[in-house]
Amino acid sequence: MKSSYNLRSIAAKVVGQVLDQGQSLSALLPIHQRDVSDKDRALLQELCFGVLRVLPQLEWCIQQLMAKPLTGKQRTLHYLIMVGIYQLHYTRIPPHAALAETVEGAVALKRPQLKGLINGVLRQFQRQQEELLQREATHSSHYLHPSWLLARIEHAYPNNWRGIVEANNQRPPMWLRVNRLHHTREAYLNLLMQGGIEAFPHTEYSDAIRLASPCAVDQLPGFSQGWATVQDASAQGCVYWLDPQDGEQILDLCAAPGGKTTHILEAAPKSHVLAVDVDETRLGRVKENLLRLQMHAEVKQGDGRYPDSWCEARVFDRILLDAPCSATGVIRRHPDIKWLRRDRDIEELVALQKEILDAIWPHLKTGGTMVYATCSILPQENTQQVTGFLSRHADAALVDTGTSEIPGIQILPHADSGDGFFYAKLVKN
């Protein structure tokens, strides 16, 4: 940790690295959090996530307040102003403290000559805040999504697109998966209650618990001993539909960071699991999760398009393919997705998913089950992908889950429920 730092300037740098360099917030934030005190880490996360969540609104306000935007080498100061406006409108930080710390951020960014400009813009926002936000509410920026994504969501869900967009813009709930090898869900709910943590069971998934308010993992009973895992309810649905059994050979493809790998082993502790991911670095997270839960799985680096290179002629009873996707179902959890994704990415991802599906299908035993899953809400990656797959593979059949008229199950993000997700359960005849 640095002995002296300005938190607002760090937040502005992080936002700039996401928007200008295309870096992932979830990869960047832990690096920068190491430079601040324990008490400031949560605030740094709040400022970075918050600015990226409401970015179009902040951009629109700055356009009204400044005749000329800050560009080039001064661009980070533009993001510093965003951090300032976000604090004034969305946080309980006393305005005088938010102003003072944000203005001082210009010094930390080696632009002390711009302190007066930043102070003036933020004070102007304070004076005009109510009128500005009333005007902004009628502007397209109010939806807080890029226009291409908004158009895709509206086209796919003409009757409820506004509800999806609204859910995307909310803070996500915190879900836990109770490790059934240690406790029943009811027993763990009692442990939470004894610790003063209010929580609610999921109506369908027997291991899932939603916390009334998010908390640090070190406050959770037995977290370090593997009694529970932080995992969204919709992600837990993957293993629910896979229905793994003891003694089976199971492939978890695109496995990182390992939440589903460990869930399989909780549901079927005597199964033989191979966890594969193309990203060697992220496979480290799989190993960390296995270690925390004291479980064993075979972990390999491998590209799903070329399974013969990492599993040769091996076949599996069950395959879970949580495919690379647009992640449009988890925007509320990763708001940088809105600004890192491009419209052209969707077709590229659809082609990649198709390639992996076709490549891995021969490695499923006859009579075996494959669950194809994404954290996307776009039909091209989900229902249309599955329909195309079934048309290419005569030995593939869709298992009727009795829950939907479409091929597969599409979950949409909802305030008190899970993230946006899609599952299709396929069997090889």
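Placed from the backbone N, Cα and C atoms, the Cβ positions cover glycine too.
Site annotation (Swiss-Prot): S-adenosyl-L-methionine is bound by Cys254, Ala255, Ala256, Pro257, Gly258, Gly259, Lys260, Asp277, Asp303, and the candidate from Asp218, Asp232, Asp322, Asp336 recorded at this site is Asp322. Separation of the C-alpha atoms of Cys254 (S-adenosyl-L-methionine binding site) and Cys375 (active site, nucleophile): 13 Å, rounded to the nearest whole number.
Between the candidate recorded positions, Cys254, Ala256, Cys375, the densest Cβ environment within 10 Å is the one around Cys375.
Sequence-distant neighbours of Asp303 (S-adenosyl-L-methionine binding site) (same chain, six or more apart, CB under 8 Å from its CB) are Val278, Ser309, Trp310, listed in sequence order.
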